[in-house]
Each structure stands twice: as C-alpha cells, then as structure tokens.
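J.: According to Swiss-Prot, the protein has these features:
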- E58, E111, D143, V144, D146, D179: Ca(2+) 2 binding site (BINDING)
- 259-372: domain 'Cadherin 3' (DOMAIN)
- 478-593: domain 'Cadherin 5' (DOMAIN)
- 600-620: transmembrane segment (TRANSMEM)
- 621-660: region 'Required for interaction with PALS1' (REGION)
- 621-784: topological domain 'Cytoplasmic' (TOPO_DOM)
Amino acid sequence: MQRLMMLLATSGACLGLLAVAAVAAAGANPAQRDTHSLLPTHRRQKRDWIWNQMHIDEEKNTSLPHHVGKIKSSVSRKNAKYLLKGEYVGKVFRVDAETGDVFAIERLDRENISEYHLTAVIVDKDTGENLETPSSFTIKVHDVNDNWPVFTHRLFNASVPESSAVGTSVISVTAVDADDPTVGDHASVMYQILKGKEYFAIDNSGRIITITKSLDREKQARYEIVVEARDAQGLRGDSGTATVLVTLQDINDNFPFFTQTKYTFVVPEDTRVGTSVGSLFVEDPDEPQNRMTKYSILRGDYQDAFTIETNPAHNEGIIKPMKPLDYEYIQQYSFIVEATDPTIDLRYMSPPAGNRAQVIINITDVDEPPIFQQPFYHFQLKENQKKPLIGTVLAMDPDAARHSIGYSIRRTSDKGQFFRVTKKGDIYNEKELDREVYPWYNLTVEAKELDSTGTPTGKESIVQVHIEVLDENDNAPEFAKPYQPKVCENAVHGQLVLQISAIDKDITPRNVKFKFILNTENNFTLTDNHDNTANITVKYGQFDREHTKVHFLPVVISDNGMPSRTGTSTLTVAVCKCNEQGEFTFCEDMAAQVGVSIQAVVAILLCILTITVITLLIFLRRRLRKQARAHGKSVPEIHEQLVTYDEEGGGEMDTTSYDVSVLNSVRRGGAKPPRPALDARPSLYAQVQKPPRHAPGAHGGPGEMAAMIEVKKDEADHDGDGPPYDTLHIYGYEGSESIAESLSSLGTDSSDSDVDYDFLNDWGPRFKMLAELYGSDPREELLY
C-alpha cells in the first residue's frame, strides 16, 4: 500500500510539471499564440479583435514604463491608429498608436487596485473613423508577497477568572495580510507570543488560552502579553505585533480572618433588644462582591442571648442582644465566634486558623425603672358593689438598691376618677359601677421609684389595667321601642291592635323569657305569645270617643333572671274615627296621645316663674342702686357731671372732670364749705382772695372774668407746693357779634336776669337740684 501511494504521488507531480510547462510555453508569446489561433481559414471571416485581457506583476523592479501587452485587430491596415479610453488612460497606462503596445507608466500595487478596465479603439489616421468596433478589455495585476500581517488593534483587553483550568480561552486576536490569499502562502498568518508565554499560549487562529491554573488575582491581578504575527515567508514589520492586557476576574476563593483574637465591649444593661452593642472586623482579600462573611457563636452558654448580623456594606459583624440584659443576673458574657464564607467549597479549601476570636461583653449597672410582674392586668368586678377590692398590681425595683414603689392612676385614664390605688397596689372603686353605663374601664397605673424620704427619683413605669364589669340582673324589661297604637271606635271583639316585644338592658341569655301581663281591667286583652312577644286585642269592642279618647294600658313585663326583675311600661292607645274600610280618618294630636302629665306641666311652669322672678329682682336691684347714688350726691358733685352743650368745639374734652369747689366757693362767697378732699388742706382756689363784689346793679363782663383768671394763674404759677393747673376754662365769653348771642347757662346775666326760679322749689324732690342752681339771682350768687 505504501508503494502504491508513493507511485500515485510521483505521477501527480509529473503531471503538475507538464501542466506548468505548457502554461509557460503558452504565455511566452501570447501574441503569437493569439495570431496562430485566429489565422484565417479557407472561408471568409469577419474582422475582429484577437485579444481580451492582459496581465502584469505588481511592484516591478525594472525601469518604467513596463510593457503590459499589445492590442491589434485580425485585419491589418497601414493607416490604422490605436487608442485607449478609460479612467486610468494617461495616468497609469498609455498605448503606442502605431504598434498597439500598452505600457504602464507607474508602478502598480495590487492591494490598491487589482484590475483595470479599459476600452481599445482603432481609427483611421486620416478620417478618424473607427475601423473596428471599440472593445473593452481587462488588465489584471498579479500579486507578489510584498505585505506583512497587521493586527486589527494595537491593544487588546481581555479578562479571565482566576484559577481557571488549563486551556481556558482568553481572547482571539486577528492580524490581516493585504496580499492575495489565493496566491500561495502570500496571505497566511502565523502567531507567536513574545511576552507572557509562561502563562498563556496562542494558536494559528489567534486564540489565546491559559496554560497554567495558578493564576491568582490576589498575587497578580493583570498580565501583559505581546503577540507577533507573520506570514509564511517570514515577512515581519513594525505593525506585526500587538499587546494584550489580561485582567483576572476575582472569584470567592479566600476565607475571612479576624484582625484580632479578642474583642471586649462594655454595654449598659438598659440597652434595647436588637440594637448594636459592638462590631467585629475581618479581612477578606477578595473583592467586595465576593465577601460573604457569616458570623456564628461556637461555644458558650449565651448563644440565645446574642446574634451577629453581617453588614454587607463593610463586611463587619454587628452584635445585637436577643433578650433584655440584666446586670443583677449576669454581669459578663464570654463566647467564641467564627467567621466563615458559606459559598467556598470546603472540599478544596480549608479555613485558616485566624477565623475565630473571643468576645467578652461586660454589662454595667443602670438605675432602671420599676418592673411590673405582668405586662397587663385584667380584673373582673360585679356591678353595683360598694368599694370592693378589685385587684392588686405589683411592681419591683430591679436594681440592687430595691427602692420602695409608689402607685398612682393617671388622670388621663378612662374614667380614672372612679378608682383609686393604695400604696400596696390595691385597686378599689370609688363608686358603684353600672355595667349598662360602662362595661369596661381601661386604667393606666404608674409605678414610681421612691427614695428613702418617699420622694420620687424620676424612674417610673406604667401598666395597663383592664377592668371588666360583670352583669347582674338589675334592670327590668321594657318595651323594645316606643309604640303609638290606634284603635277604631267601632272596633269589634278580638281585633288585633298591636304586637309588642320587650328588651332588657342586662345581658340576655339565649333562654331568656319575658312574661307580659295587663294589670288593669279595660276593653283590651293581652295575649302572651311565649316567644317574647304579646298581642293586644280588643276585648269587648265599640269604644266611645266622647267619653274617652285615649286609653292607658300599663303592661307588666318580667324576666326569668335570678332574681327576676319586673317593670311596667304604659301603652297609650288613641281611639280614632274610621271609615267603613277600617281606615283611620281622625285621631287626637300627639300631645293628647302621649298624655303629658300634670306634674310635668307644673314643673315647667315653676321653672318659667322662677326665671321671671329672678330677672325682675335683678332689674329692681340695679334701679334702686342707681337712684340711691343719684340722691346721695351733693350739689358740687352734680355740677361736676354737668355737660355744657353750647360749646362749638373741643369734642370730648368738654366733658373733662374738674374740681368745681373753687367755682362753688366763688358763687357762695365762701360761706358754703367746699367738698372734703383727700388732702386736708383746702383747694388752692379756695385760698385765693376774691375780688370785691360789684354793686347790685352792676354787670360783670368778660374783662373782669379774664382779670380774675390771670390773678389765679399767677398765684398758681408762684405756688411751689400746689399741683400744676394746666387747664383753664372760660365759660363766660363765647365770641363776639353772634346773632344768637350766648346760650350758656353761665351767661344768663344778660338774658334771663328778670326770671324768677323760686317756683322750682314747689316741684318736688326731683327738681331740687334745679331749684338750688336757679333759685337765686346769679348776679348775687356768682362773681365773674
């Protein structure tokens, strides 16, 4: 078999060499080949071009121009001229017009343009007419291996999990060779790692893989790989290398360990359950997202006393009490804690020795408030009992001092004023309780810590006390609702008037039975239905409205409680007129049906009369006091309250009070003593020497009044012991040239001097003041 295979390979090689030789021979003289292939036969052929494409190698090293090929027709003419048309004519190619030879006038690069499409034209030199139809042809540029591979990026970034298995793909890089991939190995690329080959390898496809499983992010987080690309002939250049940066992805492959072996905390005993009392810190080389530390208490008797929660933000362990701390019970807690990571497979890794630590928690004493023995109290009490012991609450001081405790009921409690609590915590009711009024009472009892003197220390606790009032059969049955029965005056025997039912304010059991009895003899019959209802029917029939319009039926209702209670409820039955169909046509008004009692009417009238008498007494008392004050005033006091209405200005200043004793003394000539003042000394104006009186026939004028005022003013100004007199009033002069003249009562010397006012004395005591004011001649009584 081996010999057969070798024979076949040798035969194939020989055939290949023969084919290459044939191609070379054909290409050595293409023009000649074309010419021979297109020689005319015995029959006449149409003239036509004898070529279709040309070939040339890129980047020839010979001098320009480079001969590409030759264009010619099957029929030669001496006056023929060859032309080229196309985009690259004159720039890249030209043609010899006489011979048809095509030349490249610049070096060609296949990587830029691999084919050129031109048009060949043959024309007559003289006329310029086309001798042949223009023909398009192609010039193909043959590739040579003149380019080296170039990476698509100079820098690649990749990542791979740490501790990955050997052969794990990291990244694929690509380098591109611009040469023709169809020609030999011109475009084939080969890769190799120049830097980082200790940890990574690359295959010919550009895929980089790991060759070791000892990649540890905690030791080295990044790796730099330099990759080289070259073609099959070994062409390399500056662009033939690239850098790959490989970042190791962290995995949770490290156990946490404590930063110290012993933690000590001091915690007050009043620390609330669930609050932090301390924190435990560990180190974990992994990245934060892979730090999943779990803390647990290993040894000790206090596993149920504390819990350790993990704070994800800082990976710390927060110690929290699970039940209240009590210094009087335990002063110190000591236990061992362990920090582990449950996501790490313990089959491949074992935790380090530093993942355990000792925790010591010292409890400090705090003055705590009293503690009740129960979270709440529930007591029961029968209603209508007179101040029995309801129950006892008890609180104790949890501290070692064991202070005494005082109790009180908060006044904000529900009806707390009905109860009291003693120093021992006994609760009593202050009044009888009625379940039908309040079936439940909710009290808040305070327990206050007292010092040796009995003064509260400020520490207090409260507890809720629920008092349930138990029912007794202390209420008689009554109608279930108000009834307003009616009956026709022509009602017949046995006619149903009303069905009644009863209720009881007490708690009624399911077997409660009410018994109904009609207690009086009348025209009605009561029939007990034995289902807690009863029927009222007409006994004889035919009522007389003229005699009785309303009938009162006292119904006695009793229950079967222990003891039994009996009550009487009255039905007010109105006798109405009815038509033939038995429909009510006229009944008495509601007031008559209800039948307001005489006692109620008398009570209402007495209330109205009492209110009226009280109102009259108040009015008369105020009036008598007003009259007493009016009659008890002296003449100067009356003068002090007189208001003059002929002043044209001043507003309310006209009613300013002033001491009129001075004017009175002037008017009386000093004979009448002035009104006593608080000061024993007489008024300043009473001490002033008065001007001499005028003759009886003389008349005082404004000038004399002004002179007197000036004298008084000077004396007041020079009197250092007297109070200032800042307000001066002139009443005798009210202006000049007034048509109505003066209306003032003080200026009557010129208007009513001849009027006799003695008749005022005959008008009685009500005009006594006017008689004193006007009963004498003003010119003799007053001095202006």
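From the backbone N, Cα and C atoms, a Cβ is placed for every residue, glycine too.
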J.: Could you work out which of the binding-site residues (E58, E111, D179) has its C-beta surrounded by the smallest number of other C-beta atoms within 10 A?
T.: E111
J.: Give me the long-range Cβ neighbours of V144 (Ca(2+) 2 binding site): same chain, 6+ apart, Cβ under 8 Å, in sequence order.
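T.: Result: D57, E58, E59, R110, D179, H186.
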J.: Mean pLDDT for the topological domain 'Cytoplasmic' (621-784), as a whole number?
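T.: It averages 57.
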J.: With DSSP as the reference, give the number of residues of the domain 'Cadherin 5' (478-593) in helix, strand and coil.
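T.: Across the domain 'Cadherin 5' (478-593), the residues distribute as 4 helix, 53 strand, 59 coil.
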J.: With helix taken as DSSP H, G or I, strand as E or B and everything else coil, how many residues of the domain 'Cadherin 3' (259-372) land in each class?
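T.: Across the domain 'Cadherin 3' (259-372), DSSP assigns the residues as follows: 6 helix, 48 strand, 60 coil.
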